[in-house]
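Student: Have a look at the structure that comes next, please.
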Amino acid sequence: MVLHDNSGSAGFKRCSVHFGPFTLAVVSVLYACLITSALGGTDKELRLVAGQTKCSGRVEVKVQEEWGTVCNTGWDLAAVSVVCKQLGCPSVIKATGWTNSSAGTGRIWMDHVSCRGNESALWDCKHEGWGKHNCTHQQDVGVTCSDGSDLEMRLMNGGNRCSGRIEIKFQGQWGTVCDDNFNLDHASVVCKQLGCGSAVSFSGSANFGEGSGPIWFDDLVCHGNESALWNCRHEGWGKHNCDHAEDAGVICLEGADLSLRLVDGVTKCSGRLEVRFQGEWGTVCDDGWDSDDAAVACQQLGCPTAITAVGRVNASEGTGHIWLDSVSCQGHESAVWQCRHHEWGKHYCNHNEDAGVTCSDGSDLELRLKGGGSRCAGTVEVEIQKLIGKVCDRSWGLKEADVVCKQLGCGSALRTSYQVYSKIQATNTWLFLNNCNGNETSIWDCKNWQWGGLSCEHYHEAKVTCSAHREPRLVGGDIPCSGRVEVKHGDTWGTICDSDFSLESASVLCRELECGSVVSILGGAHFGEGNGQIWAEEFQCEGNESHLSLCPVAPRLDGTCSHSKDIGVVCSRYTEVRLVGGNTPCEGRVEVKILGTWGPLCNSHWDMEDAHVLCQQLKCGVAASIPGRAPFGKGSGQPWRHMFHCTGTEQHMGDCPVTALGASLCPEGQVASVICSGNRSQTLYPCNSSSSDPESSVVLEENGVPCIGSGQLRLVNGGGRCAGRIEVYHEGSWGTICDDSWDLDDAHVVCRQLGCGVAINATGSAHFGEGSGPIWLDEVNCNGKEPRISQCRSHGWGRQNCRHKEDAGVICSEFMSLRLISDSSSETCAGRLEVFYNGAWGSVGKSDMSATTVGVVCRQLGCTDKGSIRPAPSDKVENRYMWVDNVRCPKGPETLWQCPSSPWKRRLASPSEETWITCADKIRLQEGTTNCSGRVEVWHGGSWGTVCDDSWDLNDAQVVCRQLGCGLALEAGKEAAFGQGTGPIWLNEVKCKGNESSLWDCPARSWGHSDCGHKEDASVKCSEIAESKGSVKAAGHSSTVALGILGVILLAFLIATLLWIQRRRQRQRLAVSSRGENSVHEIQYREMNSCLKADDLDLYNSSGLWVLRGSIALGFRLVTAAEAERHST
């Protein structure tokens, strides 16, 4: 076999050694290439020899394994700088011909070296070529560098460590720096080196006093980015033509005692600019003072928007120093004194040229569009510090308009225009946007905008229509704030499909049109069919936006839509409330204006909390009482049936959640009333409780003196405000009522007093649990017509012979409850949705039922925050009573009762109309070593509990693992394998088949029915184990180690492969010798153009032969003898 050598492969060492045996050749070549690729280093080195420190000596270079010297022809400080940096001794002390020490021997590798100073290695500099020179070793160069450990710097006579005369310690002696050519770049290096921040100023002429000793530096050349002053270019240590009268000094930011303030302005962000320097305040001259300078000053003062740069015309005159003159900022500086300026205190000004600024912190800046039909179209109007102005169209273009639209969150500009005003109307304050590039996020970020009493030629006001411009209206309604929804986009009005408009979107629409809250949304062209455009977009409002144009939109997903599906909305303003029929403005019948019509409010849900908010809104103090029997008259028209859910802390009725109970009639004469404390809010007294007669607490009210406290009622433990154990407030504490003689007439009075309709059931024997504290009333005997329980006959306050096991309760007609009915006893968070109202259970219709509404139901039931609607079981065929349909909850309500719906009316409905819900499961694994192992715990009835291991097997475990997304079940653990839990044992005798989607689908005993202890808690181990708790990922190895490991693996694999090939070839030769030489071609090996990089190797098997392949030209391959013969010829 022959190994052919071909050189010329870029980036590789030449492989020229010939090998005989095939296997040894391949292994050697691969190993050499892998090692070369892994090391990838240079064969040149640099050192200093015969010096007194590691950073000084004769310069020697190692080339081709041989050390040699460098000739001093052309040798300068730039070359010395390269050597010092390369050796990690970046400070140049001096360059020298190394004649004061022994000369070098052997090669002189470099001559005529010419460096720029920024090279990373000496051999990167230009030179004659390796070994080319006309020198002797008497011309060998040397250097003296420093790593900085033997150099020090300090500032003297400045009063602190960050200001003063510059002094440097070199070779054990302190010396100064000459001020020749010293500037702010030099000062910046000094301040940075000393950790004193940026340079504020520099000085010469021994401003901080004359030093003594050597003058170490003169004519320094710094760029400002050097890490130390001695790294700047210089003539050499101690070389100068100065005396100490020229000693340089600096003042750094950390030692400058600098401050900035505004004086004599009308706001905290305006006024004359003053700077404190060296303990004294002074002004800034307005020479060259412009908007860039003002922008830096405003930013520094925490008022980031510069409105005007005030000069001599407007700024008041200061006194004392004029510290700065000819300030010239770029706009990006963090402080005014970082801008270019004359030396501190040098100026050519008087105080009538003092500079000032008018800035803003953003709180007094506003941008808006007016008169365009929506917030995203119209005339551009700005308000700056309470002064309103327009934008002049003289410099108005699409770029400026784009910035306006962007700032308002209205997309991009579709078109610009202008509004022409007469000269009489043109006394506006104008804003000129002179130089927006379109990329700004705010018009205040545009450069060189001008504001104030400027003249706008032709009196044109800029206008814009933005891409998000959507102007809504309601059309076809009988009253204002109701009708078909139409939206104007661009110049075109169009309708919205009823599948593309949610309750949240309707809420935003009502708010934008100043129509209060949404009452209902009606599909099917309820307000008549529109014509023309139907917008093919779905509004995706969250509900808290102020305008429809702020809501995201998405393309419609359900195909085409016709005008027969135009959406309509009915809004209502609950915020207009009044009291009518009383002797004072602070008492009377409660009337609410809804849909433009005033009407009395039904008192079936009116309570003291609602009354408190109403009195507060009307500035009538607090609610003293809510009398029944319509003492202020019934009013005209049918009372509104809306229910307010005030907590008593709101400032306005419009802040309270509202339930619209639809069109069912209010009981005759049940009109809400209130007596507020009015001007006597500070003189309210508790009702007289000294008498044993409950009637005494009412006498004050009937005599016209409002009282609070005794006789207040509440219902406890009933699941709602209109059912529960009765508790009455007296003498500062709550107590119960005994059930002796307790009947439906007594219960009627309680329900009426609480605004809960009529009594359905009068309960006794502590039906709603035993109370605590006093038992205030016994033998209550009402005739059913009293307005308050305290007006009924009884034994008197506190006179009783009862115990709390006799506490009375009530269920009123307005009590509402919620449940899910399922055939499975283990399912409490899934089933048919039912509500309890007016004493009877009924189902809820599924029309318009959304995921948000389902979430409210699940949360109200204490299940989870999410759920889904499921089909009704096919075996359910009987009709049942339904209470309500079209329930559509927005985001926010805590109960179903706060969601708009169709009117509440009991009717028969088929199972296909009913709502069936499954609330999202809550299951977890505890105490496991991973997220997919541990004790099984389930959430039920508001608490976590465990599962008993009776009948627990791998099928049950499989369902749990699947439910948690943890793959296959590996083990069904028993006997508290992961420790004993606490709390309830919710499930027992679980018997899954293994294919169920959740544990709740498996047969089991009823919830909480168990004969187990926690020592029998069930557990699981699943296959898809999540990252172990507390695990830490190991840090990655270095690339060199990784490459080395890769090389070893490849090499081992290659050796094994090639040994196999060799054995196979030997067997083939034996076969050839037995059948004749011409049966098989001889195999030869030849090298191609280059060795391979280790990361270019790719081994694959093709037609039974192993071939090495890379991303470059193949390094070698297997060829037949015939191919080798053609190659050799």
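Cβ atoms are placed via backbone N, Cα and C, with glycine included.
Here Swiss-Prot flags 46-146 as domain 'SRCR 1', drawing on sequence analysis. If you look up Swiss-Prot, you'll see Asn100, Asn118, Asn134, Asn225, Asn314, Asn439, Asn544, Asn679, Asn688, Asn761, Asn931, Asn995 marked as N-linked glycosylation site. Among the features that Swiss-Prot reports, domain 'SRCR 2' is placed at 153-253, with the record citing sequence analysis. Summarising the annotation, Swiss-Prot assigns domain 'SRCR 5' to 472-572. Residues annotated as domain 'SRCR 8' in Swiss-Prot, with sequence analysis given as evidence: 818-920.
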Student: With DSSP as the reference, give the number of residues of the domain 'SRCR 5' (472-572) in helix, strand and coil.
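Tutor: Output for the domain 'SRCR 5' (472-572) reads 16 helix, 40 strand, 45 coil.
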Student: Using C-alpha atoms only, work out the spacing between Asn995 (N-linked glycosylation site) and Asn931 (N-linked glycosylation site) and round it to an integer in Å.
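Tutor: Per the Cα atoms, Asn995 (N-linked glycosylation site) and Asn931 (N-linked glycosylation site) stand 22 Å apart.
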Student: Look up Asn761 (N-linked glycosylation site) in the DSSP assignment and reduce it to helix, strand or coil.
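Tutor: Assignment for Asn761 (N-linked glycosylation site) reads strand.
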Student: Distance between Asn544 (N-linked glycosylation site) and Asn439 (N-linked glycosylation site) at the Cα atoms, whole Å?
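Tutor: Approximately 29 Å lies between the Cα of Asn544 (N-linked glycosylation site) and that of Asn439 (N-linked glycosylation site).
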Student: What's the number of neighbouring CB atoms sitting within 10 A of the CB on Asn118 (N-linked glycosylation site)?
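Tutor: The answer is 10 other Cβ atoms.
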Student: What does DSSP give as the helix, strand and coil breakdown of the domain 'SRCR 1' (46-146)?
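Tutor: DSSP classes over the domain 'SRCR 1' (46-146) add up to 16 helix, 39 strand, 46 coil.
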Student: Give me the DSSP three-state residue breakdown of the domain 'SRCR 2' (153-253), ordered helix, strand, coil.
Tutor: 17 helix, 37 strand, 47 coil
Student: Given the glycosylation sites Asn118, Asn134, Asn225, Asn439, Asn761, which one's Cα is the least distant from that of Asn931 (N-linked glycosylation site)?
Tutor: Asn439
Student: Please average pLDDT over the domain 'SRCR 1' (46-146) for the predicted structure.
Tutor: 86
Student: From the glycosylation sites Asn118, Asn134, Asn761, pick the residue whose C-alpha lies nearest to the C-alpha of Asn439 (N-linked glycosylation site).
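Tutor: For Asn439 (N-linked glycosylation site), the closest Cα among Asn118, Asn134, Asn761 is found at Asn118.
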Student: Can you tell me the CA-to-CA distance separating Asn225 (N-linked glycosylation site) and Asn118 (N-linked glycosylation site), as a whole number of Å?
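Tutor: Cα-Cα distance, Asn225 (N-linked glycosylation site) to Asn118 (N-linked glycosylation site): 13 Å.
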Student: What is the Cβ neighbour count of Asn761 (N-linked glycosylation site) at a 10 Å cut-off, with all protein chains included?
Tutor: 14
